[in-house]
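Peer 1: The following block contains the structure, expressed as C-alpha cells.
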C-alpha cells in the first residue's frame, strides 16, 4: 500500500497510456497480478543469456588456462608478448561496442544478430588452436574482440527492456553470475580436457565447438524485445510496455532518435563519471585473468591448481546473488557496490602481506567477492541513463562498458611473472583501483541525492502539490 501523501509512479505519466485501473497495481513495488506472474515465468528465455555469458568468458580466458600447459612456451612468447595477446582483444572490443549497441536499438529481431555473433566468435575461438606464431594469435584475438563486442552491452540493453529499475539489480546479478562462474567452470573444464589430452589446442577446439552449438540454439531461444517478441500475446505485450512506461516515472523525453540518444549520452557528464567508476573496478578485478597463475603460487600441481580456481568464484556467485537481491529490495545502489569492493581491498591487503597457503587462498575468496559489487553497476547506470530514451540508454551502457575495457588493457601488464610469486605490486594496483572506485561511487551517489531533491521540488511546483507530498526519486543512490 502507498503511504498518505505519496505520489504513485504511475501518476507521473499520462494515465491514458495504461490499461484499465487494476491491471497494474503498484508496479514499482513488484506486486504483480496473475498476468505479470505469467510473463515473468516466460522470461526463462533470458537464461540462455547466462549460458552464453559463461561461454563468452570461457572462450576469452582460455589462454591463461592453456598457459599452464605450454601455450606461452610453444609459441615462443615473452612475458610482454603474452600480456599483449591478452590485452589486444580489447582494442576492437572497445571500438565496436557503441556502434553495435546503437545498431541493436534499431533492430526489430535482435536474437538473430546476437546469436549469429555467438556462432562467429565460437569459430574464431576454435581457430586459436591452430595458431603457430605471435602474429597469428594477435590476429585471432583482435578479431575475437570485435565480434564479442556485440554481446555484453547488447545483453544489458536487452535486460533493461524487460525489467523495471526496481527489478533490474537482481536480474543483472543473476546474468553476471555467468561471468563469475565462468572462471570456475572454465578451470574445471580445462582440468578435464587438459588432464585427458595433455595438449592445449584441444581446449580451444572443444570450448569453441560448444559455443558454436549454443549460438545456433540462441537464435531461436533469445527473447528479443517486447515490442516485437513473437512469443508474447497482445495482452502480455501491452502489460510489459505499460510496466516499463510506468517505471520511467518523472523523466523528460528528449530526442528519441539514435543519433540524438548518442549525443545525449556523450554530453551527459554522469556518463563519464560512471565510465571512470567502472574502469577502476575493472582494473582492480584484473587479477581474474591471471587467476590460475595466482592459485599456482600456492604450490600445487597443474590439475589441482585448476580445480582450486573454482571455489572462490562459486562463492563470489552466491555473494553476488545476495547483494543483487538486497539492492532491489532496499532500492539502494552505492552501498551494495562499494561494500563488496571494500572486501576485495581487504583481500588484496592479506595477499600482499603473506605467502601462507591458507591465508593467501582465503584472500582470493575475498578478492573474488568484489565482483558482487561490480554486478550492480549496470542496473544503476541504466537507471541513471533513463528509461524514456532507449537510444540514450543503449549508448550509455555501451560507452561505459567500452571505456572500462581500458582497465582490462592496463591489467594485462600489471601481473608480470617477474613480480611473482607474491605479486605485491600487482595487488597494490588492484587495491588502489578499488579505492578510487569507492570514492567516485560515493561522490556520484551524494550528487544524485541532491538531484533527486531538486527534481522533486520542481515537480511539486509544476503540479501545485504540497511540500510534504512524497515524489518517487528519479535516481537510485
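Including glycine, each Cβ sits where the backbone N, Cα and C put it.
What TrEMBL records for this protein is below:
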{"type": "DOMAIN", "residues": "45-453", "note": "domain 'Major facilitator superfamily (MFS) profile'"}
{"type": "TRANSMEM", "residues": "46-63", "note": "transmembrane segment"}
{"type": "TRANSMEM", "residues": "83-105", "note": "transmembrane segment"}
{"type": "TRANSMEM", "residues": "112-131", "note": "transmembrane segment"}
{"type": "TRANSMEM", "residues": "137-160", "note": "transmembrane segment"}
{"type": "TRANSMEM", "residues": "172-196", "note": "transmembrane segment"}
{"type": "TRANSMEM", "residues": "202-222", "note": "transmembrane segment"}
{"type": "TRANSMEM", "residues": "272-293", "note": "transmembrane segment"}
{"type": "TRANSMEM", "residues": "305-325", "note": "transmembrane segment"}
{"type": "TRANSMEM", "residues": "337-355", "note": "transmembrane segment"}
{"type": "TRANSMEM", "residues": "361-382", "note": "transmembrane segment"}
{"type": "TRANSMEM", "residues": "394-415", "note": "transmembrane segment"}
{"type": "TRANSMEM", "residues": "427-446", "note": "transmembrane segment"}
Peer 1: Looking at 46-63, 137-160, 202-222, 272-293, 427-446, which one has the highest count of Cβ pairs under 8 angstroms to the transmembrane segment (394-415)?
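Peer 2: Against the transmembrane segment (394-415), the leading stretch is 272-293.
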Peer 1: For the transmembrane segment (305-325), I need the partner stretch with the highest count of C-beta pairs below 8 angstroms, choosing only from 112-131, 137-160, 272-293, 361-382.
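Peer 2: Looking only at 112-131, 137-160, 272-293, 361-382, the most contacts with the transmembrane segment (305-325) come from 361-382.
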Peer 1: Can you say which of 46-63, 137-160, 202-222, 272-293, 427-446 has the most Cβ pairs under 8 Å with the transmembrane segment (112-131)?
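Peer 2: The stretch I would name here is 202-222.
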Peer 1: Among 46-63, 137-160, 272-293, 361-382, 427-446, which stretch has the most Cβ pairs under 8 Å to the transmembrane segment (202-222)?
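Peer 2: The stretch with the most contacts is 46-63.
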Peer 1: I'd like to know the mean pLDDT over the domain 'Major facilitator superfamily (MFS) profile' (45-453).
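Peer 2: Here the predicted model's pLDDT, averaged over the domain 'Major facilitator superfamily (MFS) profile' (45-453), is 86.
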Peer 1: By a Cβ-Cβ criterion of under 8 Å, what residues six or more beyond either terminus of the transmembrane segment (337-355) are in contact with it?
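Peer 2: 281, 284-285, 297, 319, 323, 362-374, 376-377, 380, 421-424, 427-428, 430-431, 434-435, 437-438, 441-442.
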Peer 1: Are there residues at least six beyond either end of the transmembrane segment (272-293) with Cβ under 8 Å to its Cβ atoms? List them, or say none.
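Peer 2: Answer is 61, 64-65, 67-68, 86, 183, 187, 305-306, 309, 312, 341, 344, 364, 367-368, 370-371, 373-374, 377, 380-381, 384, 396, 399-401, 403-408, 410-412, 414-415, 417, 420, 426-427, 429-431, 433-434, 436-437, 440-441, 443-444.
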Peer 1: Is the transmembrane segment (137-160) packed against any residues at least 6 beyond its ends, judged by a Cβ distance under 8 Å, and which are they?
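Peer 2: Long-range Cβ neighbours of the transmembrane segment (137-160): 46, 49, 52-53, 56, 59-60, 75, 84-86, 88-97, 100-101, 104-105, 110, 113-114, 117-118, 120-121, 124-125, 127-128, 131, 168, 171-172, 175, 222-225, 378, 382, 387, 393-394, 397-398, 401-402.
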